[in-house]
Each structure stands twice: as C-alpha cells, then as structure tokens.
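Asker: After the structure tokens below, expect a handful of questions from me.
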Amino acid sequence: MDSSSRGSQPQPPQSQGSSSSSPPTLPPAPPSRYESQKRRDWNTFFQYLHNHKPPLTLARCSGAHVIEFLKYLDQFGKTKVHTSGCPHFGHPNPPAPCACPLKQAWGSLDALIGRLRAAYEENGGRPESNPFGAKPVMIYLKEVKEAQAKARGVPYEKKKKRKRTTTTLSNVTHTAPVDAAPASSTPTLPSSSTTS
C-alpha cells in the first residue's frame, strides 16, 4: 500500500462491461463503535508520535514510547487517584474533596492498549514486533492496576473459576456448577408421587 492510498477504503473491483448490467451497490455500512474508537486511538497515537521531540516513526517506536504515551494521557484523566499521603488513600468513597491528581483509569488504559494492538496488526505490523504488546507495557499496566486499587480502595479481583461436579441420577448424567449457596436454595428433584 503506497502512502497516497493510506486512509482510504478499499474499493470493489470495476467490471469491464456496461454499468447498467451490474446490480446497484449499497454504500458500505458505517464502522462499529469499536472500529471508530480504534481509528481515533490510532490517529491520536500517530499525532503523539508526530509531536514527539524528536518526532518518531512507528518503526522506531518501542514499549517505552507506548508507556510514555500512556503517562501523557493521564493529564486528560477523570479518575481521582489518591497519593499515599492523602487522608483518603485507600477509601473508595472519600467524605470530602482532596487535591489528589486525576488520571486515566486502569480499565481505560487496558482497553486502549487492546485497540492499539489490534490496529497495529491490521495496518501491517507483525505481532512479534508490536510495541503495544511489549512486556514492559504489560508490566506497566499491571502496576497501574495495583496502584489504583490500593489508592482508591477498590480491589480488582480476578473472576474465580467455578468448580464443576458431575452427578448421576438414574442413568442421566448432569454437570452443574457448584455454588456456595445456602441449603434452603438447594434444588429438589421432582417427586414421583401420583395425584388422584
């Protein structure tokens, strides 16, 4: 793909015959919300590279530059992250305002990196050289997640996998998740009594 066609949509091949014999083509469907956001994120990152001192090309971009970009985005954040000296450190619902900085929420950064990883590969980048998937970026995201969880008093817990049990009842095998539910909510088997 040459630089003059960058950013344009691929066009369907032109037929050699008369245009009156081909069915009318429908306009392309508008991109999904995810695709639109991915394109905006990709353009924002390129603008960041262009404005970088000295300007960077994508080919010279590393995980360190991606982390620098994420830190740059903190100035536009809306999530209060308490510093360790703040009296509200570790409290999820502080009773009064404080002067702690607003930052990008971990979940927003994680989603952004996911979209940029996909955009990089869709634009011809090789997965093994993807700066958005670099180990330092993943470590940085993990550190941000842990720091914000402590500062805001909101733990990010992994979803626990539910254990499965297998029960055999009269030649029928049933596999069901095991929940730590009270005994009163235990399902009962239908009775085989007859009604008169």
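Including glycine, each Cβ sits where the backbone N, Cα and C put it.
As annotated in TrEMBL:
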type: COMPBIAS; residues: 1-23; note: compositional bias 'Low complexity'
type: COMPBIAS; residues: 180-196; note: compositional bias 'Low complexity'
type: DOMAIN; residues: 33-160; note: domain 'ALOG'
type: REGION; residues: 1-37; note: region 'Disordered'
type: REGION; residues: 150-196; note: region 'Disordered'
Asker: What is the number of residues in the domain 'ALOG' (33-160) that are helix, strand and coil, as DSSP sees it?
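Answerer: So the domain 'ALOG' (33-160) is made up of 77 helix, 4 strand, 47 coil.
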Asker: So what pLDDT does the domain 'ALOG' (33-160) average out to?
Answerer: 92
